[in-house]
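To start, the structure under review is shown below, and the notes come after it.
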Amino acid sequence: MSKLTDAFKNQKAFIPFVAANDPDFEGTVNNVVALAKGGADIVELGIPFSDPIADGPVIQAADLRALKADPDLPMDTIFDMVKEIHQQTDVPLAFLTYLNIVFQYGYDAFTARCEELGIYGLVIPDMPLEERDELEPIAAKHHVDLIPLVTPISGDRIEKIAAAATGFIYVVSSLGVTGERSEFANGLADLVNRIRKVTDVPTAIGFGIHTPEQATEMAQIADGAIVGSACVNIVAEYGRQAPAKLTDYTKQMKAAVNAHPVR
Amino acid sequence: MTELNLKLNKNTSGRYGEYGGQYIPETLMNELDRMTKAYEHYKNDPEFKTELHDLLVDYANRPSLLYYAERMTKDLGGAQIYLKREDLNHTGAHKINNVIGQALLAKHMGKTRLIAETGAGQHGVATATIAAYFGMECEIFMGKKDTDRQRLNVYRMELLGAKVHPVTSGSMVLKDAINAALQDWTKRVDDTFYLMGSATGPHPYPLMVRDFQSVISQESKVQLKEKTGKLPDMVVACVGGGSNAIGSFANYIDDPSVQLVGAEAAGKGVETELTAATVERGSDGIFHGMKSMFLQNKTGQINPVYSISAGLDYPGVGPEHAYLAKTGRAQYVGITDDEAVDAFEYIAKTEGIVAAIESCHAVAYVRKIAPKMRKDQIIVCTLSGRGDKDVASIAKYRGVDIDE
Ligand SMILES: Cc1ncc(COP(=O)(O)O)c(C=O)c1O
């Protein structure tokens, strides 16, 4: 079974995100290890892209910081970070990136490296269902899941996307880009139910979650919660001191996704 | 003028060889699908076609002239040069052809709000114009660097009733404006139509923009036949994203005797870092919804680009151009800032035409190639826009201080 699917077994999953090379090589390793220490079930590591069209200002800024620190930032440097991370923790990792980064490295070479280093999934916001076929068979050969996104306006596409999914399904909480929010789209529960009619692949809700209360609420609906901008904000604010804060925050959020709602 | 043939392109798959596609977030997929279906429907709809025709004729001032540039021809001493005068259209550029088509589609789809990106402001002005005409809400995304250096066009858009958003993310230029416009669209797809300014982006944009711009070559083919009884030997147009060029080429692609040449902005030189010559310097990649050619680094980060011409300052090219380049059907040549500015002055002095600096990239290539061709050969060169907007920056380039 997929290592990512495994992470949802018997519990709700908490999936935090940080951007690679923000602030630097060592900082990335420490941040991911800290998230794992706090109890993260999967860590999403963002590969910075010059033009992250699905990301809001917070993650955009993280990408820019990362690329400013190293304008070339070769993929091999990021693979080295992963190697280093996995010497300290065996938390399952997934990459979040844009398709061009994977395309330039070569689909086969990229997913082969992922397999070798324990990257079990790829979240690629600019690769919708219709464009999956060029990568999916190659990724499958290397046991790398392509994590699809489903949105509140996916409509008839929900079942088709769910049917093709492996690993987990990323349920986008609301329209627009990543970033903290105070409100989510109506009908998320219906959306998740439609997915569950088609597949056993677990669902995690992301985009905008930052407080424990929100995490609890979302984990009542889906099988897990993904938190990006809030973690990136901690990294931006605390720099070298971020790891301790990230561990605390993760502990709190991990408890929240498995808590019963106080209503 | 006969009605525009929107079915020139028999391939409606959105793929040009391996190029094209829809590499775009899931949030936009249903909307792109609706747009694709609506376009496939309306391009066969007699009422839509009549409306489009009437707007092109009565509002945009089509057909545009095909003008025999006798003085240039004599001076260069080779091929006969004809200029396709898109600079004489309403709003002063080819951009109006595309915005009329897309806005009309938006109207038929029941949309009430148009959004668009713009670099120098030409596409923004054209979009604001058609929004005013249709009484639609209009918001334009423009890099902060561009709003600062193109204040006149910002004011012009506002005058036409549009709201202009200066984009402060990334490098604050055209590509960032496209990112911001796409992001805005993901937040609000219900009533909003994203009016893409070039033959770029996810399907159906490259197809639609090509069809709407193909009016350029549909007319030029007939006009040249009337004047000379012949096909041109060469068609030359400048290439930013590639809309005026693909429109200039479209009706000649199946005529193998017609050589197709796209003039790219080489900036300080094709070999330098300060360039926007995508086909010559770029490589295959995936960005802004399409697989095509881009200026990028080895990892796949999109490079900052440079050209004196804001309209050609884009790190990619439309997917059909990537295909025409790969198959060798069209050639792409880099023209430097210096060559373009020389051409700007040359065509002003020889023909009395102040053409857009973008268009002058095409003119610069004509200056190089015409003398090497025979006198019985014919070049059709598209003047994509008029150059009033560029006068101040050319003066500055020449070190002349003028009060704006
Ligand atoms: C006058 C003019 N020509 C050409 C272009 C380049 O666009 P395209 O390559 O889509 O024709 C622009 C873009 O702003 C323009 O304003």
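The backbone N, Cα and C atoms fix where each Cβ goes, and this holds for glycine too.
All TrEMBL annotations are machine predictions without curation.
Feature list (source: TrEMBL):
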| type | residues | note |
| --- | --- | --- |
| ACT_SITE | A:Glu44 | active site, proton acceptor |
| ACT_SITE | A:Asp55 | active site, proton acceptor |
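Distance from the CA of A:Glu44 (active site, proton acceptor) to the CA of A:Asp55 (active site, proton acceptor) is 14 Å. Secondary structure at A:Glu44 (active site, proton acceptor), taken from DSSP and collapsed to helix, strand or coil, is strand.
Remark: A:Glu44 (active site, proton acceptor) has A:Ile15, A:Pro16, A:Phe17, A:Val18, A:Leu93, A:Ala94, A:Phe95, A:Leu96, A:Val123, A:Ile226, A:Gly228 as non-local neighbours, by Cβ distance under 8 Å and separation of at least 6 in sequence.
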